[in-house]
Every structure is written in C-alpha cells, then in structure tokens.
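Accompanying notes for the structure given below.
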Amino acid sequence: MKFGSLLGLSLVGLSVASPVTNVWKSPRAADDFIRGVNLGGWLVLEPWITPGIFEEGGDSAVDEWTLSAALGHRAHERLKLHWNTFMEQKDFDRIKGAGLTHVRIPIGYWAVAPIQGEPFVQGQVDMLDAAIDWARHSGLKVNVDLHGAPGSQNGFDNSGRLGPANWQKGDTVAQTYKALDVLIQRYAKKDGVVDEINLINEPFPQAGIQVEPLKDYYRQGAAKVKSANPNVAVVISDAFMGPSKWNGFDVGAKTIIDTHHYQVFSPQLVAMDINQHVKAACDFGNDELAKSSIPAIVGEWCGALTDCTQYLNGRHEGARYDGTHKDSDPKTAVPNGCVRKTGGSASQLTDEEKTNTRRYIEAQLDSFSKGHGWFWWTWKTERGSPGWDLNDLLSNGLFPQPLDSRMFLGQCN
C-alpha cells in the first residue's frame with residue numbers, strides 16, 4: 001500500500017455536485033463484478049494499522065522483519081494473539097451485510113515457505129484456513145494475495161521488510177515460486193470460495209524490479225494456477241505502470257490485472273482540493289480502467305484526502321500534508337493540518353471533511369465501474385484512521401449504503 005496511481009492528475013477543478021439522495025446505476029452490473037475489502041494488517045503487519053504491536057517492539061520495529069527480531073522469543077506468542085483476535089466470523093458477516101462480495105487477504109512468503117535464518121514467525125496459514133471457512137459461511141469469496149516476496153519486491157514496510165527491493169536477485173524468485181506453490185496447492189481448489197490468487201503485490205520497477213523477468217514470473221505463476229484449477233483467476237499487478245500499459249500481455253489463463261489508486265503519497269496530491277481529487281478519480285476510470293484490454297480491478301483504494309494517519313508513511317515518518325515529512329512541500333503544506341486526523345474515528349471530522357470524504361468515495365465508486373471491480377483498503381485499524389477504516393466509515397454513514405446510493409450523483413459524467 002504505497003504510492004498508488006499518479007495518472008490523470010490534472011489540476012482542473014470541477015463544480016461541486018448538489019447533494020441528493022439517489023441511486024446510481026453501474027454500466028457494469030454483471031454478477032461477476034467484484035466489490036471487496038482488504039484485510040490489511042492481519043496476516044501481514046503494518047505499523048499504521050496495528051501501531052501498538054510495533055510500539056511493543058521498540059524504535060527498531062519498522063516492519064514485520066524487525067518487529068519479529070525485536071520481540072525475539074516472544075514474537076510467536078504475541079503475533080498469534082493478534083492473528084487470533086483481529087478478525088473474526090462477525091467481521092465477515094458485517095462485510096457481507098454491507099453488500100460486499102469479496103475479501104482480499106494479504107499473506108507473506110514467510111508464512112508458507114520460511115527461509116532459514118530469517119526472524120519471521122509462522123502460524124498465519126491456520127488463520128487463513130479459518131478465514132476461508134468464515135467466508136464460506138458468510139457467502140463471501142476470497143482473493144489470496146501474496147503480499148510479500150523474498151528480498152522485497154518494492155522496499156515497502158508492507159512487503160515484510162523495509163529497504164532495498166532485492167527481489168529478482170539471487171534465489172529470491174525461486175523462493176517465491178515455493179511460496180506460490182504452497183498457496184496454490186492449499187487454496188486453488190477451494191471452489192466457490194477462493195476466486196483469485198494474486199501472484200505478487202506491488203512490484204516496483206522504480207525500485208529496481210525488472211519488467212521482463214516480472215512478465216516471466218507472471219507467465220509461470222499463471223501456468224501453475226491454471227494447472228491446479230482453471231476456474232481460479234490469476235491476478236497480476238500493473239507494477240504502478242497503469243493497467244492499459246499491459247494491453248496485449250497474455251499469460252494463457254483467466255487473468256485480472258490489479259491497479260492501486262491513492263491520492264495522498266506526494267506533496268502534489270495532498271495539496272489538491274476536493275474538486276481536483278474527484279476529477280483525478282474520474283479520469284482514472286476513463287483513462288486507465290476503460291482502456292484496459294485485460295479485466296482490471298482496483299485492488300487498493302481509500303477515502304483519505306491526507307496522509308496524516310500515524311505511521312502511514314512509515315514508523316518514524318511524518319506527513320506531507322502538515323509539512324512534517326521529509327518530502328513535504330513547504331509552499332503547500334498546512335501547518336498543524338493533521339490535528340484530529342492522525343487516528344480515531346471519522347466521527348471527529350468536521351462537517352466539511354465528512355462531506356468531502358463521502359463525495360470522494362462516491363466519485364471513486366462511479367469511476368471504478370469502468371473496470372471489473374475493486375477492493376477497499378482496509379477493513380479495520382487498531383486505533384482508527386479516518387478515510388481508511390471501512391468498518392468505521394460504515395458506522396458513520398460516510399460509505400454508501402446500499403453501495404449504489406448517492407448523495408452526489410453523476411460526478412464522473
């Protein structure tokens with residue numbers, strides 16, 4: 001969960017839509033349209049989602065690797081407590097009750113194919129097994145997402161290890177196939193529940209990942225999934241290039257391309273006003289999703305208009321919005337702008353902030369109808385995170401219920 005799409009970010013404003021309660025009709029109302037949510041921070045840990053666990057590990061704990069090392073012999077017991085309590089059947093029931101169809105469950109290679117000498121602990125697959133049972137009981141389908149690869153495919157903390165992207169070096173790709181093989185053998189034949197297997201999350205060419213070897217990995221990974229169960233979709237990442245850049249790429253299997261859309265991970269993005277955020281969201285659907293020859297899903301997105309959530313940019317990083325991040329632009333930063341926004345509930349937002357959040361969410365829902373579906377990031381957080389915590393947004397009426405209800409109709413027309 002980093003960077004996201006920087007496409008279509010024209011700074012031309014829109015007029016504000018008049019608030020009306022109405023029903024919006026998707027141009028793609030097919031039964032296979034995905035409306036899902038990520039279970040982030042559960043089986044792959046992230047500091048901003050569960051800050052308390054990382055704080056227990058001290059200042060050195062900035063990702064799951066360093067957290068596990070810092071906790072030492074206590075790591076397995078502490079993480080097992082988290083795995084066993086963070087998500088339950090009642091969460092899946094509430095997700096289904098909100099009109100969603102899928103959950104995307106991130107998991108790291110270390111959970112299924114640990115490498116000797118690394119500090120990670122295991123036990124996550126027991127809860128992934130439980131999650132599939134919960135999904136079956138609730139009537140949800142599952143996207144199993146290989147979120148962290150050996151060496152790190154992007155250098156982000158959510159890959160398991162913050163730092164250089166060393167995937168594709170040494171034996172890391174071969175080690176990734178071992179992890180993928182376990183996931184496929186264990187889950188690809190869960191017909192009716194496991195709907196997709198995501199081969200790798202957010203490989204990042206700008207960090208040194210080579211695209212041609214990535215394509216080879218996609219082809220071989222897709223062949224493995226297809227051999228196990230041709231009905232399970234293979235999900236490939238657009239690698240921050242935009243889905244239309246992959247037009248014509250064929251892995252020889254039922255394929256979905258995954259793109260992520262965030263508008264908070266640069267000074268230019270957090271400086272935009274609500275009209276510009278809405279326009280950027282609408283442009284993304286028209287410029288990328290509608291032009292993709294491969295069925296495209298927005299595998300991660302949110303309603304955040306700032307990067308203020310504590311640790312969102314990293315364990316010891318500030319925010320661009322208020323000027324406390326090293327990459328901030330002092331010309332556009334808002335001093336003290338993150339007051340009331342670092343955590344807690346969306347209920348504490350001002351009326352204007354609530355309206356803007358709802359409007360931005362609706363625009364994205366409308367825009368993403370140009371694709372094959374979406375997965376919101378993320379279902380819940382430990383301390384709350386306005387704009388990210390879907391469970392909280394639902395409770396505060398900032399996420400449409402039912403999903404096709406609109407207060408701001410026709411924003412992307």
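From the backbone N, Cα and C atoms, a Cβ is placed for every residue, glycine too.
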Query = In Swiss-Prot, Cys412 is disulphide-linked to which residue out of Cys282, Cys302?
reply = Cys282
Message = When you rank Glu46, Glu202, Cys282, Cys412 by Cα distance to Glu300 (active site, nucleophile), which of the recorded positions ends up on top as the closest?
response = Glu202
Task = For Cys282 (disulfide bond), just give me the three-state DSSP call.
result = helix
Message = Tell me the Cα distance separating Cys412 (disulfide bond) from Tyr262 (substrate binding site), rounded to the nearest angstrom.
response = 17
Ask   = Near the Cβ of Cys412 (disulfide bond), how many other Cβ atoms are there if near means within 10 Å?
value = 22
Key: Local backbone state of Glu202 (active site, proton donor), from DSSP in three classes   = coil
Note = Quick note, Cys412 (disulfide bond) and Glu46 (substrate binding site): C-alpha atoms separated, nearest Å, by 33
Maximum Cα-Cα separation (Å), residues Glu46, Glu202, Tyr262 listed as binding substrate = 17
